[in-house]
Amino acid sequence: MNTSISSQPPRIRIFDTTLRDGEQSPGCSMPAQQKLVMARALDALGVDIIETGFPASSQSDYEAMTLIARELRRPTLAVLSRCLQADIETSARALESATKPRLHVFLSTSPLHREHKLRMSKEQVLESVHKHVSLSRTLIDDVEFSAEDATRTEEDFLIEVTRVAIAAGATTINLPDTVGFSTPEEIRNMFTRIIANVEGANKVIFSAHCHDDLGLAVANSLAAIEGGARQIECTINGIGERAGNCALEELTMVLKVRNAFYNIDTSIHTSRIVSTSQLLQRLVGMPVQRNKAVVGANAFAHESGIHQHGMLRHRGTYEIMRPQEVGWVCSHMVLGRHSGRAAVEQRLRALGYLLEEEDLKLVFEEFKQLCEKQRLVTDVDLQVLMQDTTVQHGYRLASMTISDIGNRANALVELSDPQGQRVAETAQGNGPVDALFGALAAATGVKLELDSYQVHSVGIGADARGEANLSVRHNDTQYEGTGTSKDIIEASALAWLDVANRLLRNPENMQNKQNTALA
């Protein structure tokens, strides 16, 4: 591992881009209020830098940055900008309220991008880097420059680009594996050689941003650390463009479990990993696969008799980390019908929610109603309540009636619209779910094409609930929806409304969002 850079911090800086690159994952768009909720959780998780969006390309991202900056003081808050003067100036304005602002500018450097995307020569790229990094530094002290598609850029030219960016005032240099093309050995060697051959390399932090197109994002990020990188850009659950990004939960647990090998730490409070992962799944309606490392439902499950026997003798036989280390443990505080508002507020804070008085009052009323239906209230239940009461403003399900008539089913749904007015519609379909979705489409005016639909149980025993997950298309864009209820048909309706409300709340979702992928 490269340890010759004396200015590098003794730990890895975690740069979370869930709210920017992660949001570019199909169906994962978040409006400003949802981004604030997620940013609170990332702050509680201990993330060093939170990239909130691309304000020059989206008014919603501009508003999200403003909301987040007003509240969060500890982490550095970053926004992404192209190497364009207007973009940079807009981004700087969005950062005005931030206590620790960072302006993140990028420009493609590979021959493929120079020829077909930018139509710029090497000299023009170098000139643009110098001009726009210099401009950024006059507006914001903390400037990160990313050489997009760095891993497919000629090494001698990448050295020159990096030198120019540092000379112009960049404080962090990011060398992304934009299309997930590289191998760990290539990434390690690239960072080692760039750091060794660039004048001023000891004055900046080097960063890696690896995509998962070949399933190597985490491995490549670890290799970058071995090569001298001291910032890793990642997302919760690995969401992001195409196959996604380096998964924060996997990277941080590798560094923790294999600390004797890497000998470097992060600031992440790992016991909050699972709750943060589950919050994101709820907000964007995209569940992780059950066998997902660290945060999947089966991550600590043992079914084989041989494995179970070993676990009974000693957990270390088949577990390299304890479930409690990442948050797979129930709260010691049991919430139920006798719990007070202070207890509910404390648990919500632990899950990353900081509520105003009016919102807390509304959530607590919903909590008491839920306690009349079930004995105990879990973290999953609280996250569902937060969706229903403070995030998912829009159409609310008031009632529904499903009936089967021969080979056809009838559905009657009654909704409360965003203005509080009641809307009722009926529809027929090939089965109860088909009829239900038809009635919901008629009531909301939103047309969704169903790709996949799954229902499974969450929770334990009598308090278990059904969770519906569906994948749909709208205007050729894919979206994921999640709903939870004691009744699986109601859960299905809530999952459908989850998508519809996101589309209706954010008009940008009704169109194809501008592709601003930096990877």
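Easy rule for this one: first residue shown is 1, then count along the chain.
Just so it is clear, glycine is given a Cβ too, placed from its N, Cα and C backbone atoms.
In the record from Swiss-Prot, residues Asp21, His209, His211 bind Mn(2+); the candidate from Asn245, Asn259, Asn263 listed for the same site is Asn245. Following the DSSP three-state reduction, the secondary structure of Asp21 (Mn(2+) binding site) is coil.
Over all protein chains present, the Cβ of Asn245 (Mn(2+) binding site) has 31 other Cβ atoms lying within 10 Å. When the binding-site residues His209, His211 are compared by the number of other CB atoms within 10 angstroms of each CB, His211 has the fewest.
Every protein chain shown contributes to the tally, and the Cβ of Asp21 (Mn(2+) binding site) ends up with 28 other Cβ atoms within 10 Å. Secondary structure of the region 'Regulatory domain' (396-519), assigned with DSSP and counted as helix (H, G, I), strand (E, B) and coil, comes to 38 helix, 56 strand, 30 coil. Averaged across the region 'Regulatory domain' (396-519), pLDDT for the predicted model comes to 83.
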